[in-house]
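Structure record follows, encoded as structure tokens.
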Amino acid sequence: MDQPKIIVAVRKRPLSKKENKEGQKDIVEVQGNTVIVREPRMKVDLTKFIEEFNFNFDAAFDQQYTNEDLYQQLVKPMVQAAINGTKITCFAYGQTGSGKTYTMLGDQNVVGIYTLAAYDLFQMIPNSIVMSVSFYEIYCSKLFDLLNDRVQLIAREDAKGQVNITGLSETKVHSVQEFQKTVEMGIKSRVTGQNSVNQDSSRSHAILQINLRQQNKIIGKLSFIDLAGSERGADVVEYHKQTRIDGAEINKSLLALKECIRALDLNKNHTPFRGSKLTQVLKDSFTGNCRTLMIGTISPCHKDAEHSLNTLRYADRVKELKAPQASNGVDQLTRELMLPRQYIMNNYLFESPQAVKSSSPPKLFDHDNGDFYEDEVQMKPSRNSNLKDKHDELIQQILDEERALKKAHRDHIDDLVELVNDEMKMLQTVDQPNSDIEEYVDGLDHVLILKIEKIMRLRKKLQQFKQHLMDEQDLAHQCQTHFYQKPHQN
């Protein structure tokens, strides 16, 4: 039986001590390969209800599963395939703080997927195969080598369509301990930032590549990608401009990644690798004999419901899986459209409110007194979608204009160098005996006019760019006002 080219899995993390102390509720349930999210909501008339969302994946893990369990079920078969020549790519995607880094790297007490793969590789490969590691990040469409003092790298595509990363360092490792030290050194160089979800959010995509060589020929390749924390406009509008621009770049690359993976799974003739720098450098991992694993990580908290749903929708659209057959046509149509089923307050949500299993959400409301997250749930802040759309469009326009401005500046410098050369030639000519002073004056006047025109054109682009930066600042404040209005009091 042929192995699928792409596997989409979801992992739910447990509630943290802080979240338990705050009284956060677990609204995510895992049943087999199905993930159910029950989000508390409030209608305009203040009626409280539950929206239920169902998603089906190739695999789903609740908080009881360890990194080792996930690795043994999903990653280890791919590691074995890599030794046989298959190109393996493993992604971790999700909201910051949802467990991406824990899954990939682990912590002081638990090893992550990176290290588990290294353990097995060193046990499986013969002495004739040499293992080497490259580690780089993509930040705002720029590549930086995390193992070489963040030296900026350049990705070039050759005549055969192969993408080569110029200057990328490669470190040979001979043991798991050497591998761990190399990875830890790279992680310390990674760019982090702040948003409303996490004080130390990853602002770059980190790509760890393990190459297996035999007689200087690559016979196997594994790529582990810890994607930047998924962003929404509401999460970054209150922070500085660079953070907002980072978020737009992250969203653009994640969208391009989704399209590439879908094209891979559907065996499409064209795969949009050039949609972002991330998909461009991973082109080799998406072509030929390859397999891909995407792990979506989600938080169980009701305060993170929207983030978790965004992650689940992203993963669902990558795979485009159908939910299990429902008992009736209406409910099946609802599931396929991913529309919520509403549970009004007086409906009984769980079979046994007293017996709460660790893998199921706790009791959400009390039928005796009608309490329904009374202390936690408030009406969702009103949002002005037009403002958000305008802000997103303006951010994208700023990104495009920034690239155009830098190119125009470089072209301007080149033009000035040519004009300076022309001026030097004119001076050499006018210094010669019997030179024509009027020709020199006309020539100098022409050069100065060209300089002024070029400076004015560049300055016009600069002024337009500055204006859009100020417009973005104003629009961000407007978005912040609308996104974070005080909830209505009951």
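Cβ coordinates are placed from backbone N, Cα and C, and glycine is handled just like the others.
Note: TrEMBL annotation is automatic and uncurated.
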Range annotated as coiled coil in TrEMBL, from 20-47, 160-187, 384-411: 384-411
Least Cβ-crowded entry, counting other Cβ within 10 Å, from the binding-site residues listed as THR96, SER98, THR101: THR101
GLY97 (ATP binding site): tally of other CB atoms within 10 A of its CB: 21
